[in-house]
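One structure is given below, encoded as structure tokens.
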């Protein structure tokens, strides 16, 4: 399940006034949920037996096969992760000293349906595998991309300057651009990053 979770994208989800990043993977054999507020990371991994036991505790009037139960839970979570609102389902989140619980209220076969994800702090290796390493790889890729684009802009400026020195003129003055100033660009970019983070 966790290896399948690696291929799932992070999604931004809101519970009341709080915003989290979450990803989840459902199978007939169970599920794994990973959720973070960017200060802490929590997870829950539950197999079919644990899901069956909890469903009996929370939904005494429902008698549904565990795989069907998991499919229904997946159907309830999918709109949330896709950023779509579903008025028939409500989610609430509660943080405690020992972890985080996510409560789901909906209906199944015309009867009330309840579920609670009991998440505990994620191990360091899991946080590294799902959050830290992908972020570092993406950061490095973006740095490389910026270097390539900067190099291309400087080459284009040199090409335009060569045209000007050989008498070329613009047919439309509105297309005129100022030469790219790499240092000024970096300073402005860092200033924007600092202001958005504060």
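Even glycines carry a Cβ here, placed using N, Cα and C.
TrEMBL lists 9-120 with the feature domain 'XLF-like N-terminal'.
The DSSP breakdown of the domain 'XLF-like coiled-coil region' (123-171) into helical (H, G, I), extended (E, B) and coil residues amounts to 42 helix, 0 strand, 7 coil. Per TrEMBL, domain 'XLF-like coiled-coil region' is recorded for 123-171.
For the domain 'XLF-like coiled-coil region' (123-171), the mean pLDDT of the prediction comes to 90.
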